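A.B. asks: Got a structure here, written out as structure tokens. Questions coming.
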Amino acid sequence: MEWSSESAAVRRHRGTAERREGQAAASHPQREASAQEDARGGGRMRGRTESGGESRGAKTALSEARTALALALYLLALRALVQLSLQRLVLSRTSGLQGEFDARQARVYLEHITAIGPRTTGSAENEILTVQYLLEQITLIEEQSNSLHRISVDVQRPTGSFSIDFLGGFTSYYDNITNVVVKLEPQDGAKYAVLANCHFDSVANSPGASDDAVSCAVMLEVLRVMAASPEPLQHAVVFLFNGAEENVLQASHGFITQHPWASLIRAFINLEAAGVGGKELVFQTGPENPWLVQAYVSAAKHPFASVVAQEVFQSGIIPSDTDFRIYRDFGNIPGIDLAFIENGYIYHTKYDTADRILIDSIQRAGDNILAVLKYLATSDMLASSSEYRHGSMVFFDVLGLLVIAYPSRVGSIINYMVVMAVVLYLGRKLLRPNHSNSNYVRDFLCGLGITFISWFTSLVTVLIIAVFVSLIGQSLSWYNYFYIAVCLYGTATVAKIILIHTLAKRFYYVNASDLYLGELFFDTSLFVHCGFLVALTAQGFCSAFMSAVWVAFPLLTKLCVYKDFKKHGAKGRFIALYLLGMFIPYLYGLYLIWAVFEMFTPILGRSGSEIPPDVVLASILAVCVMILSSYFITFIYLVNSTKKTILTLILVCAVTFLLVCSGAFFPYSSNPDSPKPKRVFLQHVSRTFHNLEGSVVKRDSGIWINGFDYTGMSHVTPHIPEINDTIRAHCEENAPLCGFPWYLPVHFLIRKNWYLPAPEISPRNPAHFRLVSKEKMPWDSIKLTFEATGPSHMSFYVRTHKGSTLSQWSLGNGIPVTSRGGDYFVFYSHGLQASAWQFWIEVQVSEEQPEGMVTVAIAAHYLSGENKRSSQLDALKEKFPDWSFPSAWVSTYSLFVF
């Protein structure tokens, strides 16, 4: 196949010369009229005239090398601007000034909290040491407070239960957990309050600096500054330091449903983390109550917010949740949800330490929280917030400099105005009644088809590569080096898109001028983005503003450079003006794309064994390339050739593919400056299975191993040969959750696990489970009452037999909630001390069941203290390579049939 555009031009030139010999009688005025018609039609005529035959000559075509270099440098320059904005954490420094937030003091709080160590609910570290430290600091703050303010402190120990549809759905029960609550109010009291929420507990085996000790440190310092301020408050500010968020949002539920101060709350700010440091992103607001977004816009000193992030998070794509849900669903209170999102690779690991959080990250978070709380605590809207509960908001920041926000209904009007502008622009071309227009309509429709074909084939191409890489065991090769994904999947997408359009240019649009085709494919890209804009707006997505940006600015650019384009052709001046007009959509597009990959890339390292991460990442990358390349398609039709570009992209992709297949890129890293560990859960388990008569029918013990990513144990086996496929765990078909002690109902995400035989364990505080009573109810159901005692964390599982249904129970709202797979899952936890857990379930039985009506199991999890360790567990943990993070604890599993 010949790739050079000059050769096609030569052939057409030769054909034109032959036709010219047979048309010697043609007059000069006729040729002039033909040239004018050619200009009006964009140089588009199938039967070429003299003027059209030279349209792809060297005079009009752009240089391939220069154009490719210009586009590459343009994108790199925009990426540099994005990176610059992300590295600039604070716009102006106020730390240390009187009445301002002091990040140095907040860091002192942070270091004291993390020095306590991992703080799981129910542990002495969480329930005693951390609580004591918080109360000591609050007392000091109270002593230094201004006489204008009054501080009240309460330590709440709630007990309760609720159901949640997170992770497929389950029920939660908590007993005697801890909340430290502080109310700052005027001396004469206040009728209304704004809530600030953080949690001081952590997951097992992690110091939890970013999640969420730094937020509690920020809140302590905000409390200190506000308490010492001579400025009077109109409303109260309630600071909730909750001690059981990692237990799936239990402490916030205990506060909002049981604490007497909860009735005062009219709005809240929740501080969370999905990464370590960087900027804190506003990723949820509402529901409704646009005045809250306006409060953030007006008050925040270092804004960072996106309605796109809100809609992505609320779609459920990200396997995470925050206390925002509890306050929204159980308190019916609007709020703002903020979270650190950078460097999620070390989130919930041993590397989540205080020294990794930059002082500027603390400063910007403190400045923002202090300013917004002050604004809300002195706002008239807080008292009558229900009057402002209407509609949602479109909001987004501009490189962290400012936030733009407007009501979604206004956004819809703007979006449809942009759509109308496109309709008018394209309508003039598509509906013009002449011969050249009929060709344009046909070419436009074919252009749409070619665009979609290029996207579809490029997506199929990268998916084939991703599936192959996954099948040969080289998944996550890009996890430690993200540029590998760009070189493998990004280049493949770009190459395929360019190839499809080059083939269309050579074999379909044979006699069309370059300028005509450049304009045609700009119009098709504009139309596609306009289609997305209409669809998103019609569905009520606030993130449709992005499509509006990608339609409005390119359209304005086209209208501005059109005359220059027609007069001078595709020259360097045209490229400069065109790229300048695309500056805003491409800059903001790259800004959002950074956020997408910053969030999703680490998540793919902990998304379970069933989702091929390469397939997900390749798809996301392909979509991003399609968006970014959409308005660059024009240049494929304006350059003199694409041969070198395609060959370069194929070469980069092929070399990267070979290196990936050879295993040259290891996914994980123990680099102390930027660790990217593999996550592994180790549980030393003792299992006991009873039959209907209560006899033990099976007993075993071992170390149950779960890898939290798609690679399983393939990278671990060379270091620990005993962990291999011969010890793959087998599902106990008749047991709830396959007969293993799942801490949370994530069994559908992790189906590959290993069970290494090990001696039986005997915790000092063993779990006890018994049937208290069994009674037949008047409505022909059986009520079973149970009692359980054990460690601070337990899980209760239920599976009904054929002919039986679980009709009600004493948990949650009384209606049993099934988990994914049909079993029932109850997550239980208690504080430092708790009475026996007694509850009942009611089973509806259609007929007598010889094998029983229900199978139940209880798992005990020892996450703290001496009981969490065993010599075998410690020995195995030590064998794991330094690029891994094995989180280990002891569990028991006991099954009963009734």
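Including glycine, each Cβ sits where the backbone N, Cα and C put it.
Pulled from Swiss-Prot, these are the listed features:
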type	residues	note
BINDING	His199, Asp211, Glu272	Zn(2+) 1 binding site
DISULFID	Cys198-Cys216	disulfide bond
REGION	1-59	region 'Disordered'
TOPO_DOM	1-66	topological domain 'Cytoplasmic'
TOPO_DOM	88-393	topological domain 'Lumenal'
TOPO_DOM	415-451	topological domain 'Cytoplasmic'
TOPO_DOM	473-480	topological domain 'Lumenal'
TOPO_DOM	502-515	topological domain 'Cytoplasmic'
TOPO_DOM	539-542	topological domain 'Lumenal'
TOPO_DOM	563-573	topological domain 'Cytoplasmic'
TOPO_DOM	595-615	topological domain 'Lumenal'
TOPO_DOM	637-645	topological domain 'Cytoplasmic'
TOPO_DOM	667-898	topological domain 'Lumenal'
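Quick one: how deep are these features, and who are their neighbours?
C.D. replies: DSSP assigns His199 (Zn(2+) 1 binding site) to a strand in the three-state reduction. Cβ-based neighbour count (10 Å, all protein chains) for His199 (Zn(2+) 1 binding site) stands at 31.
Residue density at Cys216 (disulfide bond): 27 other Cβ atoms are found within 10 A of its Cβ, drawing on all protein chains shown.
Averaged over the topological domain 'Cytoplasmic' (1-66), the predicted model has a pLDDT of 44.
Long-range neighbours of the topological domain 'Lumenal' (539-542) within the same chain, counting only residues 6 or more positions beyond its ends whose Cβ lies under 8 Å from a Cβ of the stretch, are 307, 310-311, 392-395, 408, 411.
For the topological domain 'Cytoplasmic' (563-573), DSSP puts the residue distribution at 8 helix, 0 strand, 3 coil.
Within its own chain, the topological domain 'Lumenal' (595-615) is flanked in space by residues 274-275, 281, 306, 308-309, 318-319, 341-345, 347, 463, 466-467, 469-470, 475-476, 478-479, 482, 624, 667, 676, 678-679, 707-710, 712, 746, 748-752, which lie at least six positions past its ends and keep a Cβ under 8 Å from the stretch.
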A.B. asks: Using a Cβ cut-off of under 8 Å, list the residues of the same chain at least 6 residues beyond the topological domain 'Cytoplasmic' (415-451) that approach it.
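C.D. replies: Contacts with the topological domain 'Cytoplasmic' (415-451): 37, 40-42, 44-46, 500-501, 504, 508-509, 512, 520-521, 523-528, 530, 533-534, 537, 544-545, 547-548, 551-552, 555, 558-559, 633.
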A.B. asks: Hey, how far is His199 (Zn(2+) 1 binding site) from Cys216 (disulfide bond), Cα to Cα, in Å?
C.D. replies: 7
A.B. asks: Fill in the CA-CA distance, Cys198 (disulfide bond) to Asp211 (Zn(2+) 1 binding site), as an integer in Å.
C.D. replies: 9
A.B. asks: Check each residue in the chain of Asp211 (Zn(2+) 1 binding site) that is at least six apart in sequence and keep those whose C-beta is under 8 Å from its C-beta; list them in sequence order.
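C.D. replies: Non-local contacts for Asp211 (Zn(2+) 1 binding site): Ser202, Val203, Glu272, Ala273, Ala274, Tyr347, His348, Asp352.
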A.B. asks: Which bits of the chain, at least 6 residues beyond where the topological domain 'Lumenal' (473-480) starts or stops, bring a Cβ under 8 A of a Cβ in it?
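C.D. replies: Same-chain contacts beyond the ends: 488, 601, 604-605, 612-614, 617, 660-661, 663, 665-669, 676, 709-711, 714.
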A.B. asks: List the other residues in this chain whose Cβ sits within 8 Å of the Cβ centroid of the Zn(2+) 1 site residues His199, Asp211, Glu272, in sequence order.
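C.D. replies: Those within range, site residues removed, are Cys198, Gly208, Asp212, Ser215, Glu245, Glu246, Leu271, Ala273, Thr322, Ala339.
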A.B. asks: According to DSSP, which kind of secondary structure is Asp211 (Zn(2+) 1 binding site) found in, if we only use helix, strand and coil?
C.D. replies: helix
